[in-house]
């Protein structure tokens, strides 16, 4: 009797031990990964608060004299406040392009999902293969085309190409097919709502989480696009902040004071984004899930 | 009651409104540049005498002959392929492991870890590369004992130093895609396995991983495209390490060829690179689809 009862008990103890072992292992992996992902950010934060003579003489991971605000002041004054200009440009390039681009992609994807028209599949396939075209392969011919019309080194040379988001059309089609029922559109029609009004009043509301995802994807793509502004722009007043910091970084050897400014600038430029990302993460996750399993 | 086709035709009048804005921009900034690059790649610049005026004449495949004879270009393709063969599995393996751990119930503080791992994705490639460039420099690094013993910026290691930057930025993003796919699996799927006595690891291996395969395939294709497009990170590393040449990656080759300038040759480079990207993505998709069918 005692033998038969002790067997499952021993098993359970084994299970608990195994689970304790797994739990500890899992937490260990998580802790090491957290250190890996966050240490560079922490280093940047600490470094941004140091005087330039303290970079090499003090602990890289701990504060010296906390001069962050003085450093930010220096950064904003440097070369007539060009850094602020860069931030503003970045907001216009990325925010503006992502916002308009999302609306355009959503409209096209919605039409592909909800209307039957001639050339629909052709259009979809062409747009879909556009997803696979590397953005960098487009930058050079775009430069040549813009130079034909004498429009390189302008705001529009970077902004207009950034509006196009084929992947957004693809996602919008998936979401509109799954998330906007035909019956609802028919009901709106019976109520006398026009097609365009129905899209903006009814469909976009149902597609909202998806639209946030498309916006974020688009935002990151433009924010990360380095080659297009690098090729197009020569006037530093038009630079996005990434290109600006890049050019400063290439001059660190000649002008050592720039190193400190690059570090403070990097911190300033990523902070709003990190906050926005963390705030919008819920939408990300839901949208990505829908995209991944289709 | 109007018949269904008639109704569709009447509503179809709204289609141009939805499709044309995106369609025009897509044509102008995707199709036109691709076509233009192909045309440009078929021309060559001729001069009468050494200092005579330059004029463009049709050159047939002469630029492509130069591309195929260009050893440095193919070395750079080989380099990014070696990079991808190591970096993509490491990155996606880590992303999968972290996603499975988050989903396993073994981990406390899931929300915190999810956010912590995702933060680097808000850092654009250029800024991440600048940051890590400083972190690898022996006199600034918080890992001084390591960086003074191992030169991460040396010719042997700099490629893997760059691989680490890319991994650092994108693990969290890929993890989130896989994690979202895991969350979409209904709980009932696990119940039978649990009744049969399968443990966490067994369930992860035999149920979860096969079910999130589509998400893994998606992230792999994006990673392959990203690897072949490598530009910003190596371009930044040129100011930290002399080991990164102006033809270090295919895209750097395109960029430096266009700034010589030899636009026709640069166009041929980008056409070949875009085709290579296409072919590799398709081959990968075909390969994984076939495996899925079996």
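Don't overthink the numbers, they just go from 1 along the chain as shown.
Every residue gets a Cβ built from N, Cα and C, even glycine.
Residues annotated as domain 'ABC transmembrane type-1' in TrEMBL: A:87-279. TrEMBL lists A:25-45, A:91-113, A:122-143, A:155-176, A:206-226, A:258-280 with the feature transmembrane segment.
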Problem - Distant-in-sequence neighbours of the transmembrane segment (A:122-143), which means Cβ under 8 A and at least six residues beyond its ends - result: 108, 112, 152, 157, 161, 164, 166-167, 169-170, 173, 221, 225, 227-228, 231-232
Handout entry: Range from A:25-45, A:91-113, A:206-226, A:258-280 with the greatest count of C-beta pairs under 8 A to the transmembrane segment (A:155-176)
Key = A:91-113
Handout entry: Long-range Cβ neighbours of the transmembrane segment (A:206-226) (under 8 Å; 6 or more residues past either end)
Key = 90, 93-95, 97-99, 101-102, 105-106, 110, 135, 162, 165, 167-168, 171-172, 175-176, 179-180, 184, 242-243, 246, 273, 277, 280, 283-284, 286-288, 290-291
